Amino acid sequence: MGKKLVMAQKRGETRALCLGVAMVMCAVIAYYILGTTMLPLYQKSVWTQKSTCHLIETNIREQEELEGKKVPQYPCLWVNVSAVGRWAVLYHTEDTRDQNHQCSYIPGSLENYQVARADVEKVKAKFHEQQIFYCFSTTRENETTVLYRRLYGPQTLLFSLFWPTFLLTGGLLIIAMVKINQSLSILAAQR
């Protein structure tokens, strides 16, 4: 009976060690993926200064000629604000600025024009309700763009690192508990 118990303990310890090592390896892989995708975006984000923006004007632009380019077939919202003592164009996120420099807000669903138009109207109405709001600006002097919301801020980075850290801690805890259990069983066998 005693030998079967020892063998069962050994098998359980091996499985627990494998689980702990697998958790640590998954955490390392997740850290690598986050380090190569999220971290460069966070470091590249220059909109770090939280400012107060005052709404100047909002326009909904349909298909019209802007700087020699045709705006795509969706309505886009153009928002001008006053931030940090200067005039600026407000963009919803970093990605909005990269997708189309002529739109402050691009609606989520572009398939149905009427739904997109209603979405843009709703956002425009919210800006007119609350004409003073927080935005993110850069410390550069000649920059004339500000962001309403940062995609790659410190909170996003911390939230992304939470689960890999949880996985790493859990894996290390399992490995430590197995090793402590093994050393205690060796001490008990010696007595």
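Cβ from N, Cα, C; glycine included.
Per Swiss-Prot, the residue from the list N142, N181 bearing the note N-linked glycosylation site is N142.
Residues of the topological domain 'Extracellular' (37-157) grouped by DSSP class, helix first, strand second and coil last, total 35 helix, 41 strand, 45 coil. Here the glycosylation sites are N80, N142; the one with the fewest Cβ atoms within 10 Å of its Cβ is N142. In this structure, the C-alpha atom of N142 (N-linked glycosylation site) lies 16 angstrom from that of N80 (N-linked glycosylation site).
Secondary structure of the topological domain 'Cytoplasmic' (179-191) per DSSP (helix as H, G, I; strand as E, B; remaining residues coil): 12 helix, 0 strand, 1 coil.
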